[in-house]
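What TrEMBL records for this protein:
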DOMAIN    20-117  domain 'Ig-like'
DOMAIN    122-227  domain 'Ig-like'
DOMAIN    235-326  domain 'Ig-like'
DOMAIN    333-377  domain 'Ig-like'
DOMAIN    521-629  domain 'Ig-like'
DOMAIN    719-797  domain 'Ig-like'
DOMAIN    805-905  domain 'Ig-like'
Amino acid sequence: MTGDAELCLCLAACGGDGFQRFLVSPESQVAREGDNVVLRCIIANQRGKVQWTKDGFALGFHREVPGYPRYSYTGDASRGQHHLAISSLSLSDAGEYQCQVGPTLSNPPIWAAANLTVVLPPSGISLVGQSDGSVVEVVAGASLTLRCRVPDARPPPRILWYLDEKQLPADQVDSQVVRSVMPHRWSVRSRLTLQPRTQDDGGRVICRVLHPGLAGGGSLATSIILSVLHPPGPPAISGMGEGDTLQAGERRNVTCTSLGGNPRPSLIWYRAGRLLDDSYKPVVQERSVRTINTLELLATEADDGVVLECQAASDLLHLPLTANVTLSVYYGPAAVRVSGPARAEEGQSIALRCETSPSSPPASLVWRVNGEEVVSPNAVVKRVPSGGWVTSSRLEWQVEGPWQDKAPRQLAVECEAEHQSLPHSPHHTLLITLVKPAGAPMLGGKVLQPVMTGSSAEVTCASPHSLPQTSIRIYHAGKIVPTRKEHTPAVTQARGRVRVDPPDNGSMVRCEVISPASTKPKVTSSRLSVLFPARELMGSMEPEVAAEGSRVTLTCLTSSSNPPANLTWTAQGSLPPMATTTTSPAAFGGTSTRSEVLMVVQAEDHERRLTCEANNGLGSPLQKSFVLNVLHAPVWREKLSEQISVWEGSDVSITASATANPGPVRYWWRRGEETLVGAGGTLRLGSATKSMAGNYSISAYSQRGAINTSFFLNIQYGPDSVMAPDEVTVNEGDAVEVRCSASGNPLPSLTWMAGNQSVGSGVGVARLVLRSAQREDTGLYTCQASGNLPSRSQSVPTKLIVTQPVSVSEDNDKVKGSWASLGGKGQLVCQVRAAPAPTFLWTTHEGTKIQSGEKYHVHKPVEVDGLVTWSSVLEVLDVSPQDYQPYHCSATNPLGSGSTVLTLRPPSRPFPPTNLTVLNAKCTV
């Protein structure tokens, strides 16, 4: 408020009527520590006393506030001006201040309050770990975290983040307010997370703090410069494009440019892979950086076809980025040259060749002979490694004849090269002297055919159409051969002989014809072919001692021979091995034959003999033998069968045989886990018993290993434990099967016998089968068991009883009774056939039942044949005449009954004997 305004307010206050009131009320203020502040207070119609309070504590009415040297009331009190002035603010000055006007009788008290806030600016700002303006490197796209710290401020400051003056969004910022170690102050920590992009390279990241305590309400800031690491862009070439051509000697600036890249890339020119120019430099335009390298190119012939390559390299690239251009430089040939013979003969066809030095593009050729242009075959264009093309052309020219005059003549051959880049075409002329020499020599004789070593062969050389002064010489192996000359008008001939040995094979026989018309002799030659056999056959075996399963190489090598020797292999006890045969040049121009056998040797190959034989049809064959020495673990020479069978009681001796290299071979016999004592490869067990049967094993071992085999000892024995029922009873008409079994190894043969007739058989088990049993089948049957040992045959009987009613025995019908003397004892026997057993009843002829007593004794019935024949005996005691009478015998069983009458008679003449049995006999001389 200006002074005039205050004056107006004051006049109003002083001159007006009414209650006291505030014209200017105190207003809240914010001030920095150390500042001076004034809290304004103007009262209109002031009647009461004025004082200020701080946080309710009265400061008093004195203009110089006692106890507060920095406090004072200012203004014109008579005008109602009671301002509170505070100098050099401190934190203790903050609080609520009231301007209070006391009451009067006619005016109530009034007061107005204002707050004074003392602010403390932050003591500083810093980026943790970074200095202000420092450069921070980060890979493009990678996460970067920056931490900003603003300490010791009141109130807490506000932190904002900027990237090149553009505020960053809040979702990238995390800020925390913490109490400072200094009283009444706060510190703020703010963390920024961002992922710089390539275009952020060189950008400034700013941490800015806003706080009322800063001068002018401004801000405090610190920052870093981003160095965003990113690879450069691919290089681009300007000033020279594909398809552009240069003339030799032309100058051209070629520029390579690569955009971006941090760190800045190296940009290097290479010519054909070799460094050419590394003078690159960066060019900065605002935030855009590019690297350039300008090459000043002077085109030369050597640059044609050369690849210029620009490589942009950076630590961020695994491989350099490249761009290239292939130079195309036009230049003509520097020279052209004709080559051919210096002399030519009558009728001779000569070959001429013209060739340019390199040019680009290829030059064209023109031939002229003696000044006249001639047509030649198509030229051959060839790219040369040094660059450019070489054009060549061949011309075949026939020298005409015969010549009438003998004076030498010349042939002028010119070749000219034409090229679009040359104002003048280079050319070259070859002068050829024409001559008429002697005819070509011809070799003849046996030397042109294969010659056996140790013999001599004729050699001839003739030159047709030669002049008389022609000279002929024959050479063998560089030495002149003695000859005799023969001359005719058409031919001059020399004849000699050559003796040959193996070193002469392939040696040269040469004939020279020398004519004054030729600058050098005419020559023909032929090589001798000498036939000779191989003198030596060498052999090797690698290794000489080989382990089983390893490879052994047998090699036979012949000395030199012509023709090559054939090598054949034979092997003891087996087919010839497969061999690889090769030949190679050898001494005297012959051939050495090599044959190699590669074998994987086994134990059975030990001490096997292999022989190779060399023969080329000349001389006697040569032989070389090898004996294999194979180290092997034991192998069975006599291997036991899986089962060994012996008869019980026989002597058991088992032999196994193994061989090993080196020996000796030791043996270990076992039965299960039990070790047995054997005599080397023989195990003797003694007399065979059944308990010896079982699984046995034998191990044969040596220092190189062991082998095992097992076998089962099978103890064979005859029939044993023959079992069949003692008695079988069957109802008449029913079926019955009687089973007989026996043990044995092997199982015995079983046969059911009825007397001498076989009625059933089997192995191990035999069955006696009756489909419908009849009483006639009743009898004693025998099961006989037999094996491979006859002495061990066994048999068991079985009674087969077919049930039947009582029938009187035929013997009873024949006898009809018995005789007895008076006073003696008579005996009547009653026999019947019955099954089951019958009961007997004796009665007199009057029908009186007879029981044992003083007169009679009835014996207990007896089974006579052990089957179905039963006998009941009646004894008549103290025979009297009355006892000579018929007696009735009846028998009964569940199936029926039968009876017979037997008569007791007095003695009479005896009946003739029906049977004689000798019980004892003696013979005395």
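Even glycines carry a Cβ here, placed using N, Cα and C.
Bear in mind that the values here come from a model prediction, so they are computed numbers and not experimental data.
Here the domain 'Ig-like' (333-377) has long-range neighbours at 301, 304-305, 384, 386-403, 411-422, 426-430, 432-437, 518-519, meaning same-chain residues at least 6 beyond its ends whose C-beta is under 8 angstroms from one of its own. In this chain, the domain 'Ig-like' (122-227) lies in contact with the domain 'Ig-like' (235-326); the count of Cβ pairs under 8 Å, excluding pairs fewer than 6 apart in sequence, is at least 3. In terms of DSSP helix, strand and coil, the domain 'Ig-like' (122-227) has 9 helix, 59 strand, 38 coil. Remark: secondary structure over the domain 'Ig-like' (20-117) totals 6 helix, 46 strand, 46 coil, with classes taken from DSSP.
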